[in-house]
Amino acid sequence: MTTKYIFVTGGVVSSLGKGIAAGSLAAILEARGLDVTILKLDPYINVDPGTMSPIQHGEVFVTDDGAETDLDLGHYERYIRTRMTARNNFTTGRVYSEVMAKERRGDYLGATIQVIPHITNEIQERIVAGGKGHDIAIVELGGTVGDIESQPFLEAIRQLGLKVGRDSVIYMHLTLLPYLKTAGEVKTKPTQHSVKELRSLGIQPDILVCRSEVNIPINERVKIALFCNVTEKSVILLRDVDSIYKIPALLKAQGLDEICVKRFGLDCPEADLSEWAQVVSEEANTSNEVIIGMVGKYTELPDAYKSVNEALKHGGLKNAASVKIKYIDSQDVEVRGVSILEGVDAILVPGGFGERGIEGKILAAQYARVNKIPYLGICLGMQVAIIEFARNVAGLKNAHSTEFEANCDQPVVGLITEWLDKTGEVEQRTENSDLGGTMRVGAQLCHLKKGSKVFDMYGTKEIFERHRHRYEVNNNLLPILEKAGLVVTGLSEDKKLVEIIEIPNHPWFVASQFHPEFTSTPRDGHPLFKGFIKSAIDHQQGRFE
């Protein structure tokens with residue numbers, strides 16, 4: 001079957017939840033037996049989000065094939081079974097880089113390079129490549145209609161609609177209906193103007209998804225349909241809800257999926273959303289609440305740890321527990337001491353880069369180890385646990401990472417200079433390599449040690465997990481750490497790199513070099529997060545000795 005396209009644009013304001021809407025629609029269509037993928041087009045000039053500040057952009061989501069992508073791809077993978085790849089996310093910077101590289105090679109035969117047709121053609125080619133092999137490709141365009149940066153993308157999707165035919169394309173526009181409490185009514189004018197702007201660019205939306213705090217009266221729906229040139233049934237209300245996992249059922253109840261399949265002429269069964277009903281039921285029926293202390297560097301923006309936040313919630317769902325995350329700035333631990341960690345049921349130190357707040361993270365790992373509090377370290381969270389153990393248990397008082405102290409005389413963590421990539425080829429890096437695109441990144445094989453906590457949690461001896469790091473445990477000093485009691489329970493494919501460590505004389509102290517949060521989903525959870533939340537419940541209820 002020829003791929004069908006659903007283009008999702010946004011208007012009025014940013015951060016309306018286009019990614020959630022796209023993911024929810026994809027979940028319904030997948031539940032109807034269709035093969036669905038989702039693309040995210042980002043109008044910013046950066047080649048990818050890999051070197052962008054998490055405070056500005058949120059987390060960098062890593063795919064199996066090692067792409068550093070927008071956090072919306074995390075939403076997509078949590079909603080559908082399709083795994084995202086490098087083809088599912090590209091930016092203006094990536095498009096221009098490729099066009100300029102083609103120009104330098106002479107691919108354009110001396111033509112004058114212009115936004116139309118060269119940039120718009122490149123965008124279309126990437127959209128088609130990303131959707132190839134799937135029944136439906138939902139394409140989310142970042143930003144807001146009217147932004148200068150978005151114009152080449154809007155022109156590209158307009159042209160693509162003409163090329164593939166109107167029966168193979170749907171334009172879905174997400175807008176805001178502000179509710180004025182003083183007047184007691186929703187205002188439709190911003191939506192009308194947003195659609196007017198979109199139509200001025202040659203795109204007539206087929207579906208309007210309207211965000212609102214309240215229900216939309218029928219007369220307002222009629223008005224929106226009339227002034228925006230869509231049918232009344234194509235005006236979909238996306239009301240604020242207390243759980244994003246209720247949205248698939250909310251959209252299905254309004255017939256959004258039926259509009260799409262009829263437009264595309266597809267014959268497919270009704271959607272079975274029983275798995276999502278189960279997720280919503282698990283959220284509503286919890287018997288415990290645990291507090292997880294997340295000690296990090298970017299705590300002022302929770303989206304910097306979006307996948308970790310969601311994975312913790314998923315772990316809670318599978319343990320009938322609601323999870324409350326207490327964000328703790330690691331610098332505050334340095335200034336105020338570990339007393340601010342009191343009262344938490346478990347401690348998590350997530351990934352990060354840079355020296356700021358590093359000693360606070362080390363103190364958090366020490367506090368968890370000494371006080372027998374469940375600890376999960378991720379990436380840098382494993383490295384600080386190694387440093388803390390080396391200093392305070394193994395007797396390496398000057399232990400540190402060369403990331404933070406280049407001339408450290410006891411470097412228990414150092415730069416990886418050589419490793420096997422996802423294809424089995426050897427990759428090499430030096431201290432002089434660029435920051436962008438030079439990490440050990442993507443899914444890697446890990447061997448688990450039988451009898452370990454992680455082996456029991458995963459239930460298998462080999463796993464694949466996603467990485468994003470430059471530094472690793474120094475194997476030259478590893479024997480000293482192991483003699484002091486540290487246990488390596490996970491090794492890389494060639495068994496040269498430490499992937500997981502545990503402290504055996506502790507109720508639950510586990511740290512991984514990889515990022516387990518990237519593969520956690522609300523329907524399945526993740527072994528490490530399920531185990532971590534269970535340990536938090538056990539600690540809270542005094543089940544640990």
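Cβ atoms here come from the backbone N, Cα and C positions, even for glycine.
The CTP site in Swiss-Prot is built from ASP147, ILE148, GLU149, LYS187, THR188, LYS189, PRO190, THR191, GLN192, LYS223 plus one of SER14, SER15, SER401, SER452, namely SER14. Per Swiss-Prot, L-glutamine is bound by GLY352, LEU380, GLY381, MET382, GLN383, ARG470; the candidate from GLU334, GLU342, GLU403, GLU482 named for the same site is GLU403. Annotated ATP binding in Swiss-Prot involves SER15, LEU16, GLY17, LYS18, GLY19, ILE20, ARG239, ASP240, VAL241 plus, out of the candidates ASP65, ASP70, ASP72, ASP303, the residue ASP72. Counting other Cβ atoms within 10 Å of each Cβ, the lowest count among the binding-site residues GLY17, GLY19, PRO190, GLY381 belongs to PRO190.
The Cβ of MET382 (L-glutamine binding site) has 27 neighbouring Cβ atoms from other residues within 10 Å, across all protein chains displayed. In this structure the residues listed as binding L-glutamine are GLY352, LEU380, GLY381, MET382, GLN383, GLU403, ARG470; their two most distant Cα atoms lie 14 Å apart.
Cα of GLU517 (active site) to Cα of CYS379 (active site, nucleophile): a distance of 11 Å. Averaged over the domain 'Glutamine amidotransferase type-1' (291-542), the predicted model has a pLDDT of 91.
In the three-state DSSP reading, GLU140 (Mg(2+) binding site) counts as strand.
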